[in-house]
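**Student:** Look at Swiss-Prot and you will find 53-73, 83-103, 109-129, 148-168, 190-210, 221-241, 315-335, 357-377, 401-421, 443-463, 482-502, 526-546 tagged as transmembrane segment. Among the features that Swiss-Prot reports, phosphothreonine is placed at THR108, with the record citing similarity to another entry.
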Amino acid sequence: MSTSIGDNETGAIVSNENVEFSVDFRGNPSIRSSSGAWKSSGFTMCAEVAEKFAYFGIASNLITYFTEALGESTAVAASNVNLWLGTAAFLPLIWGSIADSFLGRFRTILLTSSFYIMGLGLLTFSATIPSLCNDQETRESCVSQVKVIIFFCALYLIALGEGGFKVCLRAFGADQFDEQDPNESKAKSSYFNWLYFAISIGILTTRLVTNYVQENLSWALGYAIPCLSMMLALFLFLLGIKTYRFSTGGEGRQGKKHDNPFVRIGRVFVAAARNRRQTPSDTCLLLPNESTKKFRFLDRAVISCDSYEVEEAKAVLSLIPIWLCSLVFGIVFAQSPTFFTKQGSTMDRSISSTLQVPAATLQCFISLAILVFIPIYDRLFVPIARSITRKPAGITTLQRISTGIFLSIISMVIAALVEMKRLKTARDHGLVDSPKATVPMSVCWLIPQYILFGVSDVFTMVGLQEFFYGEVPPQLRSMGLALYLSIIGIGNFLSSFMVSVIEEATSQSGQVSWFSNNLNQAHLDYFYWLLACLSSLAFIFTVYFAKSYLYNSPK
């Protein structure tokens, strides 16, 4: 009996030519030669390009909309941006659980894309609502409350859709590669590199096009373009449906395949606590021969949970130290669309007497660095490293992550030094009390920190994707990628929290805060130095945990 997409958790394996634990869109066993691998992931990558064009068309210049169109202060605007980015990056944990437990990745992609498109449409509508005052009045006192309410509803509807779409699309794309096939297994490592390459194309394009439209034509048009792009993303994804492989989630868990992964993992910890008085000899006979040797205290749970659930809990628990260390990188990651952008808005951005570069467009250098460095990494660095280390990926994923964190430290140091020079230039030209004046210092001074930020992304972000996808059992891979994305989400929350606390602490007794609306009196340089110190601690701990980490599969 064949199965359908809606019931893709089941299926039969009928011959060696079929891909194990995989069916096509009609529910028949997937044929290796006509499905999956690059022919399928190409469609998901194209959908990623269009989706990232939409998302970063909103995210990269959002702080400008908050401060100029809605009249918010720099600190409040930065906090609002961080809260929204954090929500969008944290929601994959929930959607990943729903996809792994109930809907499956394909149906979750369809559902969340509808939320996404509705949110973008509503955002476009909110931007068409005019202000209630003339140019002489302050913007914040005359913005329509209806406009603000619709805007925030739209913004978080976008976050709801984006959070599920991206985690399931990435996991679905990786599912197209069969780990049991040597060639496809090797290609999967390259898949994460080229996926990030494709994503960067979408991000670069929208920063060049959409940000310019928003600041020079209209916000309504600047938000309508991302809405159309998201519609294109859904169309491109559906275009590849006949080539896709749909995971049947095999591996001996048919009886419990719809359990919520959080419930399963929690059940293991509860059972281990209840059976804490049991001796190892009481449980060793119940464990399979391939049981991992780490976190042996969880083996006691096998008395009331099955061995597969115990292994799932061990796999997730082993990721926690790396996840915690990576949160600091998430905080650093939050700075480019917020304070980096505001920093650039005060500097000389003129290309000619009539043309100025939007401050948000400087983020293009992050994307350019990624686009240039990923081919170098994949085609030059990896083969050389592979010949030395004999590892398929050249270096381990944790070595890759550690390298990226180290580069982020240098990026923060450079950002602090450039900000110190910008403040000195403002003082030298008597601009300290002129918040709207252009500091006579070229915005090109910011380019090195953006480029280094992009190179660190190639190491850390791609490494985190591959690490969290590969180190969890197959049935938890949406959740694995959700854990990776939650690093960015919680990093944004932590950044927002830090900004609020520092703003409160440094503005007492009439002092000028680090994040004053007048950036010529503020001290973003102090904040960057603080992040450099925190990143240094994160780097030390990551290297420590990387040395003792036991991979679930050869790296």
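Even glycines carry a Cβ here, placed using N, Cα and C.
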**Student:** If I count Cβ-Cβ pairs under 8 A between the transmembrane segment (526-546) and each of 53-73, 83-103, 315-335, 443-463, 482-502, which range comes out on top?
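**Tutor:** Between the stretches 53-73, 83-103, 315-335, 443-463, 482-502, 315-335 has the largest tally.
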**Student:** For the residue listed as 'phosphothreonine', what is the tally of other C-beta atoms lying within 10 angstroms of its C-beta?
**Tutor:** 24
**Student:** Does the structure show the transmembrane segment (315-335) and the transmembrane segment (109-129) touching, where I'm treating 3 or more Cβ pairs under 8 angstroms (sequence separation 6 or more) as a contact?
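**Tutor:** They do not touch: fewer than three Cβ pairs between the two stretches lie under 8 Å.
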**Student:** Please work out which recorded stretch in 109-129, 190-210, 357-377, 443-463, 482-502 has the most C-beta pairs separated by under 8 angstroms from the transmembrane segment (53-73)?
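**Tutor:** Per the Cβ count, the answer is 190-210.
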**Student:** Counting only residues 6 or more past its boundaries, what in the same chain has a CB within less than 8 Å of a CB in the transmembrane segment (443-463)?
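**Tutor:** Same-chain contacts beyond the flanks: 192-193, 196, 326, 329, 336, 340, 343-344, 347-349, 357, 359, 362-363, 365-370, 373-374, 377, 397-398, 400-401, 403-408, 410-412, 414-415, 418, 421-422.
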